């Protein structure tokens, strides 16, 4: 958060980026993103501690269903049937895997489902806030970090985590740098895509985490039903990504392309005559 504030403030002063100056309306514009951001990270870390990597990965897929529901309710968005079917496949596989989890942990499941809800809400509201002309993607990043940085530092000092970070300063610096890159990448992805696409594409990267986690860590208890559920869930994510990035242009887009081509041909004909 501190890195985000410093980098974007310097960029704003040097006229590299532009976003709204701070005033009392900023708090209303950015709300509830800061609260969702903190809640997302707290529940995410708590669930990571309680669950094995494969189960953490597969249960995170419920974020996709929640994101779809919130986009339909808040952003009034509709989805093609093929995308709905792929999301249903993801959730179906996650349910199979969860039903046969031999290392079931009530507290871990509670944290991960809360984390799914906070992640979905954060993604959808980020997309909504990006539509605000005053904030923009840089304003969302800057003011989200600025508002919660002081409470987070105080909470970290109270729990003793701040001291641990100071002891491992080199490792912490690397994490801070990549966390800034990650935060910017998520906001940028939400800017150019839907919140649902950001969620699904982010989940696809966890395929490697899920399968590697079966052999690393020692906390995954193998069963064929659980493995089948994991595989179905991952296949649904890949299917969604394929259909999203290989969708055919709509009729209006095709018409626009034909019109542009026709205008270009007519212009070329005129110049050739000249």
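Cβ atoms here come from the backbone N, Cα and C positions, even for glycine.
What TrEMBL records for 4-241 is domain 'Sugar phosphate transporter'.
Feature annotation from TrEMBL assigns transmembrane segment to 58-76 (among others).
Outside the transmembrane segment (83-103) by six or more residues, the chain places 51-52, 54-55, 58-59, 61-62, 64-65, 68, 109, 196, 200, 203, 219-221, 223, 225-226, 228-237, 239-240, 243-244 with a CB less than 8 A from a CB of the stretch. The transmembrane segment feature in TrEMBL is assigned to 83-103 (among others).
Taken from TrEMBL, the feature transmembrane segment covers 109-126 (among others).
Marked as transmembrane segment by TrEMBL: 138-159 (among others).
If you look up TrEMBL, you'll see 165-188 (among others) marked as transmembrane segment.
Summarising the annotation, TrEMBL assigns transmembrane segment to 195-215 (among others).
Residues or ranges marked as transmembrane segment by TrEMBL: 221-242 (among others).
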Are there residues at least 6 beyond the ends of the transmembrane segment (138-159) whose Cβ is under 8 Å from a Cβ of it, and what are they?
1-2, 4-5, 8-9, 11-12, 17-20, 22, 26-27, 29-30, 33-34, 37-38, 126, 129-130, 132, 165, 183-184, 187
